[in-house]
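Chemist: Per Swiss-Prot, thiamine diphosphate binding site is recorded for 80, 121, 122, 123, 153, 154, 181, 288, 370, and the stated evidence type is sequence analysis. The Mg(2+) binding site annotation in Swiss-Prot covers 152, 181 and rests on sequence analysis.
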């Protein structure tokens, strides 16, 4: 989209943060209004993360106005809220390409801009990285400042508290800004509290605070009295005692939509020594009423008409795999009161909304705490219950030791419903489900299933749920199912594949939902087609049968080739000294960038045409 200077006259003056800092303070509220309108205009045309960015407009302007970015280093946690940051840092005219193939990255990305200090996408990493960056800056000796912005969801994760505990110990000069849009303590936001925050962040209070401690530090009772008195005075109006105990100087909560007030407070805090903590209150979706009323729905949006206030409804076609899972979960829970379902803050995405409403006492959203989610499931299994952990492939990576140490070693019957496996599309490198088969396949006692359609997905969930000899996993992709008939649930024989088509010379061993593409290739090449179904245990007898009756084998999976299902087939053949040629088709050895699922599959030769061309070239 072309930039309309007449519509955004103040924003037109800002092509960099240096130009932003030349603006008079009085013009900044107008800049915020234009920035918010431009965000609405651009994201509604292109799609993308939306409500979070609307809530951080004033904070973004204030941070870049007060701090000398990019020399001073600004770190955004997760990055959903960083669209205004991208607009103000030289990427305004490209914001319409965000999340598209070849366009701006959906999150802050080091390779895209010098303003993006840390590449992000997963949550709760900012403070840990910020401490390292602050320590490096201190050793550099150039008075470079470090700021981390983290949301109220991300700060609940253990990694964030581990980092804050460390910061309190080594005391680097850094600022952590908590962007709190839950409104849980909104009654504390007002003129009095904003005034208090500016007072507490000012030089006079800081000098008195530190000076008083030095004077009386030799008198233990008085030192303790001063400490407790300060806590009680601040505790009457602020909820920051926890952060103070971790070693931070806590300021807030303050109004995160008062850009001039934020600038005053940030200027006061900029040169304070040691770890500082600023708590701001914002409203997700600020300035666009539909998003304010329903920030979850407007968190990430398709293209839509902003004048209507409504997002386009789905076409009502085939159900998503997430819905298939959610329906199975409800169906099973209605028959078995031992079922317990766990999600790390992904209720909507994992298809668990209906379950959470029907079975609230058996639904556990543990927040952004993947490690805890898995070990919590282990505890439920020890207690005789049947836990189902619904988790995205990319987020299960964060709980790998818990899967291994707390579940698999103890042979606990935990079912992992792994959503967003394979190529996920627009969120790019940080969110592709490229590695789960590789990192799970090497774990003893793990059963791993890859459905080729929605009916098989249901049967595998049922099979895993009733498998009591250890953990099991069913991995399925983002997107819609293929439209096959759903049959009554029954347990599948563990480790057994099925031949879908008999051909000559070539056998294609398919793992998962690339089956429709593999079927087209098999038909074109008159190849045998096998639905392997299980990655672990592999159907070794079927693999050896295919090797004995065909001149060559091809394995197909939407997972990294290295260590994936195809590697397992290779291992079986080598162990039995079968020298049959094997072509492994899957995800290559690099991080898959953003683009639609269709675009990326075509680029990576994972569509039917690409697979057939690759096989023909290999056979030639």
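Cβ from N, Cα, C; glycine included.
Help me picture these features in the structure, burial and contacts included.
Modeler: Same-chain residues at least 6 positions away in sequence with a Cβ under 8 Å from that of residue 122 (thiamine diphosphate binding site) are, in sequence order, 78, 394, 395, 398, 430.
Following the DSSP three-state reduction, the secondary structure of residue 152 (Mg(2+) binding site) is coil.
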Chemist: Roughly how many Å separate the Cα of residue 370 (thiamine diphosphate binding site) from that of residue 152 (Mg(2+) binding site), to the nearest whole number?
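Modeler: Cα-Cα, rounded: 16 Å.
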Chemist: What is the number of other Cβ atoms found within 10 Å of the Cβ of residue 181 (thiamine diphosphate binding site)?
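Modeler: Looking across every protein chain shown, the total is 22.
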Chemist: Looking at thiamine diphosphate and its recorded binding residues 80, 121, 122, 123, 153, 154, 181, 288, 370, figure out the farthest C-alpha pair and report it in angstrom, whole number.
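Modeler: Of all Cα pairs among the recorded thiamine diphosphate binders, the widest measures 32 Å.
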